[in-house]
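This report refers to the structure that appears directly beneath it.
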Amino acid sequence: MTLTLLPAVDVADGRAVRLVQGEAGSETSYGDPREAALTWQRDGAEWIHLVDLDAAFGRGSNRELIAEVVRAVDVAVELSGGIRDDASLDAALATGAARVNIGTAALEDPDWVRRAIDRVGDRIAVGLDVRGTTLSARGWTRDGGELFDVLARLDADGCARYVVTDVRRDGTLTGPNVELLRSVTAATSRPVVASGGVATLDDLTAIAVVPGVEGAIIGKALYAGAFTLPEALAVAGNIGNIGNGCAGAVGR
């Protein structure tokens with residue numbers, strides 16, 4: 001079994017950037033998003049996590065550039081940022097992205113999200129951006145309800161997958177919140193993609209052995225050179241040999 005790794009390409013004002021704890025204004029620029037995505041593809045990525053931060057913060061969009069990035073690569077793309085109604089959902093899917101993440105709308109417009117899940121099925125994942133057990137909305141600028149109440153509702157609505165981000169650790173290189181991941185996977189049978197805080201190769205192992213976690217988004221660690229994507233993929237590919245079968249649920 002392997003842990004699916006999704007190197008991140010976050011786009012703001014036409015540039016690939018990384019934020020610290022999701023704070024607008026904390027961006028560090030890493031250049032052309034297309035080149036970033038192609039670099040991860042050349043390094044062996046099978047998925048890329050692509051985010052339109054301007055759309056997420058409600059300050060515009062990079063729609064044409066995002067579509068160019070998706071077209072430029074030959075790997076699967078998970079697309080996130082500002083998907084809150086039929087028009088933005090259809091536009092996101094029209095880029096050719098394999099999967100889209102819905103965040104704020106899952107908290108503010110549950111009826112629409114229920115209909116979207118009915119219509120699109122497992123091409124939708126819901127992003128659960130968490131501080132403690134409180135969800136964050138509108139680009140992490142507003143509180144959005146209690147994690148486990150929302151999780152139960154989304155499970156009942158048929159959500160196929162969750163992307164769980166500890167906002168306090170995102171972009172900080174302080175390690176993942178494994179206890180948060182364990183609490184979420186204990187509350188749902190749906191697969192979880194972990195996000196936030198990965199700093200070392202050992203962090204990937206710690207994530208992978210949580211039953212129910214199928215993938216991990218990696219951002220700052222790759223851009224800062226903490227390790228390379230080929231190194232991370234080698235670790236992820238060896239997860240099944242770790243422990244006494246404790247990673248048996250990974251990648252389901």
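Just so you know, glycine gets a Cβ as well, placed from its N, Cα and C.
Per Swiss-Prot, these features apply:
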ACT_SITE  D10  active site, proton acceptor
ACT_SITE  D129  active site, proton donor
For the residue listed as 'active site, proton acceptor', what is the secondary structure state per DSSP, taken as helix, strand or coil?
-> strand
Based on DSSP, name the secondary structure state of the residue listed as 'active site, proton donor': helix, strand or coil.
-> strand
